């Protein structure tokens, strides 16, 4: 089981890598979304706000997110550190993402562009 | 916590019905009518619809238990194993795409070349597929409201033409209650399943509704509406036009519209066919390209299919590949002219998937007995068992009556099985070799050392 701190660090690493990628920022400048990331086995809830292509991470939960990513702490830390693709735990039911199918796919595209295959 | 954007029941119904309504559905409707005597196709269609309710109940339970856009890929992997899930998912995508695109493009080309004889039929296919491929490459999606309007308009047009045709013959039907022998009826019901192919493709929307039960309700309502609409329209076709004429035509709906409403009716129906086929091609390309992308991301298809357009965020390699598969399927169908075999093929595959859905419900009730089920089929194992039994029988009935369909499905099964057992392990091995040697996630300090 990963700790709340590990999840936070994985999300910060992801945020930093995203914001260092100018191409991604341009591609997402019109994709303004709120994404909540929640762990099922530790007390950890974070919110990403993607506004005008820039990604910001906050602790705590947003009221009306566009996407909600829910999984166990280990999976969340592995996914956002880029050690596994989100599709693998998603297809085996370990990772749940609530939101539109297009937004789910876009989130995976972003992971792919940050971490590669 | 509430998601910002949620879908309404109206859109869930329209999506389920819209994915099902295709121009090729009417070819299947005529095949159904041809297996039974007189104007009794409505009986087979209503039975087919009622049987699909059983499958819908199974999908509702699976969808509530495992709410995911991955659909059967996850249900079957949890219920059986990953290999079964992969083989069936790949086979399903392959057969339904080739079957539906093949029949749909054949019908469309025949209809349009009849309206515009100077243009070669195959050119229409190329233009239509290019249009849909272009839209998908650029990430242009038909708006939800537009899809709702198209689907509900189509249903209204079918009901209007159907009732108007019946009114013209004074609602006089030929032996509407005497379908003939049991064999013909079983075959009619089996092919009738094709009329409802795709109703369950609405399950990926589960993450976009407020309650999981909305998906089940939407599927059931869509099945109810479709059963009635198909029954009315098919009986109208056989009551007004001789069956031999309908069977000989790739677009029997056009024959009926022209017979009862003249050139105006034919023009309206051509527009309807055009809109329906565009919608079907579009839905097919969206679903299957996303499936190919996801499969490439989990290393069961070559990595090239996970390539995405930097400008439009779309899986362009998967979309372009589907364009060529569509062209090939259309070319082969036009060359052989045997579009009917594709209807049987898709109906049989759909029946196999419904059979497995029934078995998956039974298996998951044992494997995941403690998990909460927002939708639980009443009556214990009766409905899932009945689903598995009935759809096995229907798959056998379709394949026994069409030996070509049996050969194609067997060949496709062998190819997919060999692929899953030989190519997939290689792809996974290749991926493992390419993976960074060290994990990016920092190693955790052993317990007790953190405080030192």
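Start at 1 and count along the chain as shown; that gives each residue its number.
Glycine is treated like the rest: Cβ placed from N, Cα and C.
Please treat TrEMBL annotations as automatic predictions, because they have not gone through curation.
Taken from TrEMBL, the feature transmembrane segment covers B:12-36 (among others).
Beyond its flanks by at least six residues, the transmembrane segment (B:42-66) meets 29, 32, 35-36, 74-75, 78, 176-177, 179, 185, 188-189, 192-193, 195-196, 199-200, 203, 206, 212-213, 215-216, 219-220, 223-224, 226-227, 230-232, 234-235, 354, 357-358, 360-361, 364, 368, 371, 373-377, 383-384, 386-387, 390-391, 394 of its own chain at Cβ-Cβ distances under 8 Å. Sequence annotations record features per position, and here TrEMBL assigns transmembrane segment to B:42-66 (among others).
What TrEMBL lists as transmembrane segment is B:86-107 (among others).
Annotation comment: TrEMBL describes B:119-137 (among others) as transmembrane segment. Residues 105, 108-110, 112-113, 277-278, 281-282, 285-286, 289, 309, 312, 314, 316, 319-320, 322-323, 326-327, 330-331, 334 of the same chain lie 6 or more positions beyond the ends of the transmembrane segment (B:119-137) yet place their CB under 8 Å from a CB of it.
Annotation comment: TrEMBL describes B:149-166 (among others) as transmembrane segment. Residues 14-15, 17-18, 21, 142, 225, 229, 232-233, 235-237, 239-240, 253, 256-257, 259-261, 265, 268-269, 272, 275-276, 279 of the same chain, all 6+ positions outside the transmembrane segment (B:149-166), place their C-beta atoms under 8 angstroms from a C-beta of that stretch.
Taken from TrEMBL, the feature transmembrane segment covers B:186-206 (among others). If one looks beyond the transmembrane segment (B:186-206) by at least 6 residues along the same chain, the residues whose Cβ comes under 8 Å of a Cβ in the stretch are 7, 12, 15-17, 19-20, 22, 24-25, 28-29, 31-33, 35-36, 41, 44-45, 47-49, 51-52, 55-56, 59, 62-63, 67-71, 96, 100, 179, 212, 215, 218-219, 222-223, 226, 230, 283, 287, 343-344, 346-347, 350-351, 354, 357, 391, 393-395, 397-398, 401.
Residues or ranges marked as transmembrane segment in TrEMBL: B:218-241 (among others). Within the same chain, residues 9, 12-13, 15-17, 20-21, 25-26, 29-30, 32-33, 38-39, 41-42, 45-46, 48-50, 52-53, 56, 59-60, 155, 158-159, 161-163, 165-166, 168-169, 172-174, 176, 195-196, 199-200, 202-203, 252-253, 255-256, 259-260 sit at least 6 positions outside the transmembrane segment (B:218-241) and bring their C-beta atoms closer than 8 Å to a C-beta of that stretch.
Packing against the transmembrane segment (B:268-293) from elsewhere in the chain are residues 18-19, 21-24, 73, 89, 93, 96-97, 100-101, 104-105, 107-108, 111-112, 115, 128-129, 131-133, 135-136, 141-142, 147, 150-151, 154, 157, 161, 198, 201, 251, 253-254, 257-258, 261, 301, 305-306, 308, 314-315, 318-319, 321-323, 326: each is 6 or more residues past its ends and has a CB under 8 Å from a CB in it. The feature transmembrane segment is assigned by TrEMBL to B:268-293 (among others).
Summarising the annotation, TrEMBL assigns transmembrane segment to B:313-333 (among others).
The feature transmembrane segment is assigned by TrEMBL to B:339-364 (among others).
As annotated by TrEMBL, transmembrane segment applies to B:376-399 (among others). Remote same-chain partners of the transmembrane segment (B:376-399), defined as residues 6 or more beyond its termini with a Cβ less than 8 Å from a stretch Cβ, comprise 51, 54-55, 57-58, 60-61, 64, 186-187, 189-191, 193, 344, 347-348, 351-352, 354-359, 361-362, 365, 405-406, 409.
Taken from TrEMBL, the feature transmembrane segment covers B:405-424 (among others).
Residues or ranges marked as compositional bias 'Basic residues' in TrEMBL: B:432-443.
What TrEMBL lists as region 'Disordered' is B:432-452.
When each of B:12-36, B:86-107, B:313-333, B:339-364 is checked for Cβ pairs under 8 Å to the transmembrane segment (B:405-424), B:86-107 comes out on top.
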